[in-house]
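Per TrEMBL, these features apply:
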type     : residues                                                                                               : note
ACT_SITE : Cys178                                                                                                 : active site, acyl-thioester intermediate
BINDING  : Arg81, Gly82, Gly83, Leu84, Ile85, Thr86, Phe87, His88, Ala147, Leu148, Gly149, Gly160, Leu161, Ala162 : substrate binding site
DOMAIN   : 37-217                                                                                                 : domain 'BPL/LPL catalytic'
SITE     : Lys144                                                                                                 : site 'Lowers pKa of active site Cys'
Amino acid sequence: MTVPKAIVNVVNLGRISYGRALQIQQRCVRQHLDSPSQLPNILLMCEHEPVYTIGIRQALYSAEEENRLRNLGADFYRTNRGGLITFHGPGQLVCYPILNLGCFKKSVRWYVCELERTVIGLCRKFEISASTSPDTGVWVGENKICALGINCRMYITSHGLALNCNTDMRWFENIVPCGIVGKGVTSLSQELKREVTVPEAIPPLLEAFAEQFNCTLSFEDVDVNNVIVSDTKVTDK
C-alpha cells in the first residue's frame, strides 16, 4: 500500500517583526501539542526587520552586549533555539517549519540534515556549489550562506533557517556569526554577482523543500488570525 505524502501548508507572512513571528510560532506549537490532529503542518515564510537573536547558550551574551547591538538600530531576542548569535533582516528569507515529525521521521538529527539538504538543493538550482560542514548550516567554501537553529518539543519543530539573499552583510560585522571564529558569511547575491531577492528565492526553496521532505505543499488559505497577536515584545521560553 502506498503511504500518502504529508501535506505542508505554506504561509507567507511577508515582512514581519521577529516578535510577532515568534508569537505565531509559539501559538502554532501549543496548538500542535494540545490538539495534534487539528493543526496542519505549516511552513512559515517571512522577512524580518533588523534583529539579532541568540540561542539557548544565553550566558555568553551580557546585558551590555545586548545594549550595544540594540544601539546599532536592531532588535535583540533571547530564544530557545539551538545555536549561538545570528542576524535576521531585510533581504533574508526566513523559514519556520512547524512540523509534527511523526508525519515524517521522528529524528531530530534527520530533520536538521534534511533542512541542510533542502538549502543545498536550492543552491544547486542557482548553480551554486554548497555543502555542509562540522558546523551546522550550509556553506559556500568557508562562508555560511544559510544559518540553522531549531527547537523540537515532543517532535514538534519550531524556528528554522535563514537564507541570505540580498541581505546587507554589514550587520554581520558586529557579531561573530553563530559563534564560529575565522569563517565568514555570504549570500546568493554575492555568489552570483547579481541581485537575488527574497521573492526570487522562494519558489526554488519550496521546490527543494518538497523534494527533500517528500511532501505535498498546499497554498490554500490557512487561518493564522488566531495566532497573530500584537507586536508586544515577548521572550521565547
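Cβ coordinates come from backbone N, Cα and C, glycine included.
The record assigns Arg81, Gly82, Gly83, Leu84, Ile85, Thr86, Phe87, His88, Ala147, Leu148, Gly149, Gly160, Leu161, Ala162 to the substrate binding site, and the maximum Cα to Cα distance across that set is 15 Å. Spatially close to Gly149 (substrate binding site) yet at least six residues away along the chain are Thr53, Gly55, Thr79, Arg81, Gly82, Gly83, Thr86, Thr136, His159, Gly160, judged by Cβ distances under 8 angstroms. In terms of local Cβ density within 10 Å, Lys144 ranks first among the recorded positions Arg81, Lys144. Around the Cβ of Leu161 (substrate binding site), 23 further Cβ atoms fall within 10 Å across all displayed protein chains. The two recorded residues Ile85 (substrate binding site) and Lys144 (site 'Lowers pKa of active site Cys') have their Cα atoms spaced 13 Å from each other.
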